[in-house]
Amino acid sequence: SLWEFGQMILKETGKLPFPYYGAYGCYCGWGGRRGPKDATDRCCYVHDCKQICECDKAAAVCFRERKYMAYLRVLCKK
């Protein structure tokens, strides 16, 4: 579930999922489009698996292993 995915992200990164990753880059969160803007955004792009447990875990680990750069969706061009 989305809640469980959020718990995985919190456990792996120590960051709250929605404020940190819900609108990160051009691909994380709802309605991801275009290509990823950095390594963290690429985690969302590669692991866009719609709540499949193993894939969600891989995404959470991917977030942990990448530097968080605060690349907000508002910076993406249409």
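Just so you know, glycine gets a Cβ as well, placed from its N, Cα and C.
A quick note: this is a predicted structure, and the numbers were derived from the prediction, not measured.
Looking up C44 in Swiss-Prot gives a disulphide bond whose other cysteine, out of C26, C28, C62, is C28.
Among C43, C76, the one Swiss-Prot lists as the disulfide partner of C62 is C43. Taking the Cα of G31 (Ca(2+) binding site) as the reference point, the closest of the recorded positions C43, C44, H47, D56, C62 is C44. C62 (disulfide bond) falls within a helix when secondary structure is assigned with DSSP. Note: the CA-CA distance between C43 (disulfide bond) and Y27 (Ca(2+) binding site) rounds to 9 Å. Taking a C-beta cut-off of under 8 Å and a sequence gap of six or more, C62 (disulfide bond) has these contacts in its own chain: R42, C43, V46, H47. You'll find the Cα of G29 (Ca(2+) binding site) roughly 8 Å from the Cα of C44 (disulfide bond).
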